[in-house]
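Record features, source TrEMBL:
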type	residues	note
TRANSMEM	28-58	transmembrane segment
TRANSMEM	70-89	transmembrane segment
TRANSMEM	95-112	transmembrane segment
TRANSMEM	162-187	transmembrane segment
TRANSMEM	193-209	transmembrane segment
TRANSMEM	221-242	transmembrane segment
Amino acid sequence: MDIVVIVAAIAVGAFVKGVTGTGLPQIAIPIMAAILGVERAVVIMAIPGIASNAWLVWANRDAAAATRDLRVLTATGIVGAVAGTIVLTAVNGRLLSVALALVILGYVLVVVRRPHLSLPPRLTRWTSPPVGMMAGGLHGATGVSGPLLTTYLHGFALAPPAYVFSVSVLLLVFATVQVVTIAGLGLYTADRLLDSLLALVPIAVVLPLGHRLSRRLPTDVFRRTVLIGLVVTAVVLVVNAVRG
């Protein structure tokens, strides 16, 4: 039964990721962690993170010119990802989850009151470096940086393909750094590597289906879908933190 639950979680997460650019680790890792433990779940999902984000980057490559702040977000995120992975076994996941949920809900409330909110370049030139650092740190420590990146990049008001491309590039870089660091720390075993490769099967089947749907969504519907996903993510983060 456990394997069925894990495969279902990965499949659902892959579909959501195909639609919005994020969602795979947010959905899969908490469920896997409850069965396998946090460290093992994070390690197993790192390689699938590279594969799924690489696919989305390629699928949305035509939108690369419409992105913003990717270089600085990537550079600072790499530093954060290394630091976060090193403290993987010592991080207070419950505290991080609650703090992140509060940030997400605060942003959603602001957007609900100001639907056309857009973060101008003159502001993001200052905010992108610390956000990149925090997102990388979250990814390294918990395997989940999507909620923070999604919240921040949603404020850029990018077209859906550019938005998905931006999120996927960052997550691809973070996942790559994470895998290299995990390997360097000796956290990979033969069993964990095999589990990582097996996790690619449901992702390969379901991810393209979600991406196909995202291409058909109007921009306003896409942005609302992302907001709904953020609210759900925040609730899940709080519930998981309370349950411990």
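Each residue, glycine too, has its Cβ placed from N, Cα and C.
Nobody curates TrEMBL annotations by hand; they come from automatic prediction.
Not measured: the values here are computed from a predicted model.
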Can you tell me which of 70-89, 162-187, 193-209, 221-242 gets the most C-beta pairs within less than 8 Å of the transmembrane segment (28-58)?
162-187
Which residues, given as numbers and ranges, are at least 6 beyond the ends of the transmembrane segment (70-89) yet have a Cβ under 8 Å from it?
39, 42, 125, 128-142, 145, 166, 169-170, 173-174, 177-178, 181-182, 185, 187
